[in-house]
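Summarising the annotation, TrEMBL assigns active site to Lys10, Asp136. The domain 'GHMP kinase N-terminal' annotation in TrEMBL covers 66-144. Annotated ATP binding site per TrEMBL: Pro94, Val95, Ala96, Ala97, Gly98, Leu99, Ala100, Gly101, Gly102, Ser103, Ser104, in sequence order. Residues or ranges marked as domain 'GHMP kinase C-terminal' in TrEMBL: 198-273.
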Amino acid sequence: MRISVKAPAKINLTLDVLAKRPDGYHEVEMVMTTVDLADRVDLTLRGDGEITLDCSASFVPDDIRNHAYKAAVLLKERYQVREGVHLYIDKQIPVAAGLAGGSSDAAATLRGLNQLWNLGLSLDELAAVGAQIGSDVPFCVYGGTALAKGRGEQITHLNTPAPCWVILAKPPIGVSTADVYGNLRVQEIDNHPLTGQMLRAISEQDFPMMCQALGNVLENVTLSLHPQVRQIKELMMASGADGVLMSGSGPTVFALVQKEAKVHRIYNALRGFVKDVFVARMLGAQEGEMLA
Ligand SMILES: C[C@](O)(CO)[C@H](O)COP(=O)(O)OP(=O)(O)OC[C@H]1O[C@@H](n2ccc(N)nc2=O)[C@H](O)[C@@H]1O
Ligand SMILES: Nc1ncnc2c1ncn2[C@@H]1O[C@H](COP(=O)(O)OP(=O)(O)OP(=O)(O)O)[C@@H](O)[C@H]1O
């Protein structure tokens, strides 16, 4: 038996850090949404109980370091499953990009195995397993649009934002999330995003207010480490984007626009500058879509 599950990328519409915690993580408050730039995870039942993985991108680890592999191991142990699985990841989301590609693969694996292994678990139960893998995994289990608190695992579901286009551009650098958080001086943050305004903009589907409320306190840290990220932001703004922000710990920057004509202008301007440029839409549905 084989099933395929979509693993969409996420963007952060806001990312605020409130405090550094004694466990080394940071207390965050962030609004996240999924977009239709997605990996695909194929899951094939293995009767011998083994867990194996292949990925279309050869540089992505194919063992326990892979978040999807880890998800399968954790679920198998926790629910004492006898069967195994072969996972194949068709990678479309750029790696180490601030788009939660690995987290989304893990979440898609949890959703797919729930079906393949007939576990009958709720999304809340899958998200609890996901939290053991990474802070972004619980959000990715649900998808859609949400406010995430704690270290990212406390999820409140939100409405679908105003319809718009999302143009994503990733400069050819990988960014370590741990390094970016490590370089953040929480007491010195002077650009806290307007989270309340973002929540209002989403509930009222107010596109201009959503663009105004975009904000990410990790942006300055990554910008100081990688000046190319600032150049991409400036290029997007000069090409007519309605709102521009870095996603997560970066280095991917996204532009929001409502008029389709602007999409082409921004895309063409960026393609002369970086190779990885994607045009996407925000996903409305809360639960990741099963393909088959
Ligand atoms: C930047 C974001 O992607 C925004 O959505 C997340 O906050 C990070 O999510 P993630 O990549 O799933 O993060 P994890 O794999 O849990 O943690 C990677 C590293 O980031 C740092 N980290 C992560 C989350 C958090 N709330 N505080 C942190 O300080 C820690 O040093 C941790 O060792
Ligand atoms: N399934 C996977 N896909 C991509 N990378 C993975 C995967 N599993 C583990 N990794 C490792 O995780 C690291 C981060 O990759 P990922 O693409 O998830 O980063 P990211 O998009 O910045 O994540 P986040 O936004 O959650 O911080 C990579 O260096 C990669 O080696």
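Backbone N, Cα and C atoms are what each Cβ position is placed from, and that goes for glycine too.
TrEMBL entries are annotated by machine, without manual review.
Quantities reported herein were computed from a predicted structural model and do not represent experimental measurements.
With a cut-off of under 6 Å between the Cβ and any atom of ligand 2, the binding-site residues Pro94, Ala96, Ala100, Gly102 reduce to Ala96, Ala100, Gly102. Comparing the binding-site residues Ala96, Ala100 by how many other C-beta atoms lie within 10 angstroms of each C-beta, the top residue is Ala100. Same-chain neighbours of the ATP site beyond Pro94, Val95, Ala96, Ala97, Gly98, Leu99, Ala100, Gly101, Gly102, Ser103, Ser104, judged by a C-beta within 8 angstroms of the site's C-beta center, are, in sequence order, Ala9, Ile93. Long-range Cβ contacts of Lys10 (active site) within its own chain (separation 6+, distance under 8 Å): Met32, Thr33, Thr34, Val35, Leu99, Ala100, Ser103, Ser104, Asp136, Phe139, Cys140, Ser247, Gly248.
With a cut-off of 6 Å between Cβ and the nearest atom of ligand 1, the recorded positions Lys10, Pro94, Ala96, Ser104, Asp136 reduce to Asp136.
In this structure, Pro94 is the one among the binding-site residues Pro94, Gly98, Gly102 with the smallest number of other Cβ atoms inside 10 Å of its Cβ.
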